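Below you'll find the structure, written out as structure tokens, and then a few comments.
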Amino acid sequence: MKKNSSNLYLIAIICTLTLSCSVREKKDGIGSKHSFDSAWRFIKADPANAQDPDFDDSGWRSLDLPHDWSIEKLTDKNSDSLIGPFSGSSVGKTGTGFTVGGTGWYRKNFTLDRSSSNKIAYLQFDGVYMDADVWVNGKHVGNHPNGYTSFWYDISAYLNPAGQPNMVAVRVSNEGFTARWYSGSGIYRHTWLTLADPVHIAPKSVFVNPSVVDGEKAVVDITATLLNRGKENKEVDCSVTILDSSGQKVGYSRTNLQVSTGHPAALRQSIEIERPQLWSPDRPYRYTALIAINAEDENEDRIEQAFGIRTIQIDAQSGFRINGKKIKLKGGSIHHDNGLLGAVALDRAEERKIELLKANGYNAIRLSHNPSSPYLLEVCDRLGMLVIDELYDVWEREKFMPQGYHLFFRDHWEKDVEEWISTNRNHPSVVMWSIGNEIMEAADTSGFRIAQNLAAKVRSLDPSRPVTEGMNDMKGIFSGKDHWDEQAGHMGLLDVVGYNYKSHKYESDHKKYPQRVMYGSESYPLKAYQYWEKADRLPYVIGDFVWTAMDYLGEANAGNTKYVSINAPKEKSITDMVNEGVPMDVIASFAAAPVKLPAVFVSGSGDLDITGEKKPPMYYRDVLWDNSPVEMLVHAPIADGMVEQTTDWGWPDEWPSWTWQGSEGKKLQVRVFTKGDRVKLELNGKLIGESPVSDRSEFIAAFQVPYQAGELKATAYSKGKEIGSRTLRSAGRPVAVRLTADRSEIRPDRNDLSFIKVEVVDQNGLLVPTDGIKFKFSLSGEGELAATGNGNPVDMESVNSTTVASWKGRAQAIIRPNGKKGLVTLKASADNISEGRIQILIKE
């Protein structure tokens, strides 16, 4: 693809695979694909010879996957700097949220029944962090250092005859400072065992892509690789049937292939669909492709696979269009963790995350800075969330992390790209491939070479999507000079260029490179208006991705607000030291020093907190994105002699609350957000004042209001007509705990969850936004507490404890079923107020 072309991408994408199998299966794969998540043994240690089948693991823990040991309580009795999963001696410090990696082992015994004789067996891992070694029956199968990409092995040659026991062992090493954020540790995503006949469809080889899409028809090209692991050549009957969402047949193709033993054969079919229904964020319509192969001797393979058809056009004149419709990407960058669950990628946690973002107006996410779980992309397909799928945060040069992935990049990049693209290219939600983020060598010749290789490899595997990269002036950050333009050649290799915090470069760069398509790949929450105004106004800027849509573990304090004495000197961060030219050995010594806990362990930069609750910047974004006509926030009282400090990733300490006991008569700042032209503010029915609002004020009206309990109401007007209002009411004293479930019925599936909102309320049911009320949890029935905590970025004590403090009047408990049908009862009690109680029904 040439950079100066209009970049028309016509894409029909496979969404998921559903196998014809009686057990729970992943919607992706070949043959009979079984979940391999249950009944593992684990130890966080590195015992010798643990790969041997006869090794005694009876003292190890029993658990089900996915599993993340870094979110579990630490038990070092010799350390006085531990709180829950956090350690003041963590090598990652604020970067990894004071959590600890290390080395752990997993073992699982399994036996294949005699009907599995002569089957080909594939063992698949959706994600292991990191540097995983796999053994089967004591024999080393392979090593996979990348902690985020899916990988798989043909383990047929390592298995014992059907009917005899087998043992798989996995050693996971997350030693040292390996990530700039919370990575988690262990087999934190799903595992799968696939059994296939000797002639079968090769793993991850299916790709569906339309050659023509218009209002009248779509010609869908389907390719796959067939393997013959048998002893004889086979004549194979291959068919593809396409069904619409109602199950009606809309397309069919059939062919015969000669598949020789040991020689892959390419299946290529083209099917025309009349008057196709198109996939879009507003209407994520999907078809189903039934791909079947039949060889001699009853050898067969069959895949039922959902897919979507849609077109993408991207150019500097008209921006981003899907199915011909112009849209701006209302985006957010997200990391892969699931808040209080850590990195554990349970299906419901992944689904809820996308549901929350969709409900808050996002139509796009950027997977920062690594591939997500395959299931998260399935959810994006189903719910209509556009995705920038990103692979790397580093290439060959280190970025602050001595044990980072730069150590593996040179030997593994090509395999990484193959695993990444083949796993994810069949999702209509994925609209761009991002090959990197803020790469250290981006301005150098080595960066140009690597970008050229990566882009070429991506396009060879999927020519249907644009290639992008999140660019920043990393050379300039360390030199103190502007080296942005030195990356122009590098940017010329990309189809779309991501600008990290560089919106001030948009218009000047457009004059230099008029065909360049841009977007804000990262932006500051505190400067939301400036970023969105340019993204909305400039046709060659296709959207903006705030850093971040949700809070995440690690990169602690990036966006958290605090109060300090007016005369206190500014604390120096590692970034400040780098900018001031402090020697790296001095910085390293500073970074390695133990930290006294508790300390901030959450980024603080999210529009939503780690429990999924809205934070202040989300209310402002609601107005910017026209999701709400008016919103109102009240700044917390500031003590005399103190001043508020925050960063551009943060936000002032203001909340949608008019409950500030103890501040009677003190003037509080009230800010009202609206795209109307006038705001009226009333307290207890009395006019406080009116204020004009416009884009010059960034849609903000500010008032100083003496606090008096009651009702605060803001009304917004446009050209004299009321367009909306917001009312905040003062809460009374706490009287009860209220429990509310996001879903009161869940399935007896270990991948399902119920997220329980825990609130302190007054006698009228109003939230009492107080901190520090201690909730004590007890649970009975067919489930367990998978996680507990709150959104407070410094409350380490509450993380995964049975006693959790309230923050802004709230906390969270997450219930996971044990696999059986029945009821789960959760109780939450607190001193001097009524207990809360809720029941969750577990049924098919």
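The count begins at 1 with the first shown residue.
Each Cβ is built from the backbone N, Cα and C atoms, and glycine gets one as well.
TrEMBL does not curate its annotations; it predicts them automatically.
Per TrEMBL, domain 'Glycosyl hydrolases family 2 sugar binding' is recorded for 99-185.
For 199-310, the entry in TrEMBL reads domain 'Glycoside hydrolase family 2 immunoglobulin-like beta-sandwich'.
Annotated domain 'Glycoside hydrolase family 2 catalytic' per TrEMBL: 318-499, in sequence order.
The average pLDDT for the domain 'DUF4982' (665-723) in the predicted structure is 98. According to TrEMBL, the domain 'DUF4982' annotation covers 665-723.
Residues or ranges marked as domain 'Glycoside hydrolase family 2' by TrEMBL: 738-838. Using DSSP to sort the residues of the domain 'Glycoside hydrolase family 2' (738-838) gives these counts of helix, strand and coil: 3 helix, 57 strand, 41 coil.
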Selection from 99-185, 318-499, 665-723, 738-838, the stretch that has most Cβ pairs under 8 A to the domain 'Glycoside hydrolase family 2 immunoglobulin-like beta-sandwich' (199-310): 318-499
Contact between the domain 'Glycoside hydrolase family 2' (738-838) and the domain 'Glycoside hydrolase family 2 catalytic' (318-499) (3 or more Cβ pairs under 8 Å, separation 6+): yes
